[in-house]
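These notes are about the structure you will find just below.
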Amino acid sequence: MASVWLEAHGKAVVVKGDTMQIKAALLQDLQNCGTVKKVEDKTGSTTNGNTGPTAATKNSAAPQAPKKRAAAEGESEVIQLDDNVRVEANAYQGKIGVDIRRFWTEKASGELRPGKGLRMSQSEWEAICAGKERIDEMLKEGEENSWFAEGDVTVSITGGSVDLRRFYTDKSDGEKKPGKQGIRLSAILWGVLKAEMANITKMLGQVSTEGNVTKKPKQNKNASTRDEASPVERPEHAKWKEELTMILQGRDLQNVSLRKVREELEAALEMPKDGLLQRKEEVKNIVTEIVQSLERQGE
């Protein structure tokens, strides 16, 4: 197992240590990182029998996921650490927090589905931010290590990665043990998260307890007022949530199809097929809320 660490070099970050042992893994992580435009291998050594530019270089022209997803009205802003890992500051059940979650793509529909992740309260997130230098030091040492950052949230260093996880107390023996809520970040993704901490904290300060990011109202030249309520405040959402909770109860949440769930909701509401197609983002947000709630109940 290689031991590596990060050092500042002007405006750059240098990875030092036994890096040749993990060269292929580093190149792959950089290739998969949505914030990296191009990767070139200038070490002059081989990787799996190939020399010169790596596969990452050949694929560098492929479109990359945006670092930030523009927020639709009524939604909070989302920061993408890479193609699959997203960070969002929002409110859930009246409590403001930060959600870091890994998404996966459903082959049938091509839509992104929320997977496992960790939701932290504002104080827990602030503890992670305050402890970033300690986490960097633990990564540099390269040894298995962990510490309770705040409440039940624990930071663990394992295999050169940073694992942020919520622990629970086992009633049988009274010991703290790792739960299902958590996410493991490579050293590179941890570096991206650190670089975005200030932006995420700023977003957190703009979230209201109703779940919206506070924004200045947009001026509409064609109308002086907006009669339609924002998506999260529409009265029909309470009924949707009730029906969706019954639909999702007992389902395999990791493999649930949003399209199928939306069709079942349409049937429950006696609506025609694709009656909610134009409002699928609203349905998706409610489904995500319910999935996160059911995950917490299942720990």
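One is the number of the first residue shown, and numbering goes on along the chain from there.
Using the three backbone atoms N, Cα and C, a Cβ is placed for every residue, glycine included.
Annotation comment: TrEMBL describes 44-65 as compositional bias 'Low complexity'. If you look up TrEMBL, you'll see 224-236 marked as compositional bias 'Basic and acidic residues'. As annotated by TrEMBL, domain 'DEK-C' applies to 234-292. Feature annotation from TrEMBL assigns region 'Disordered' to 40-75, 209-236.
Secondary structure of the domain 'DEK-C' (234-292) per DSSP (helix as H, G, I; strand as E, B; remaining residues coil): 40 helix, 0 strand, 19 coil.
Mean pLDDT of the predicted structure over the domain 'DEK-C' (234-292): 84.
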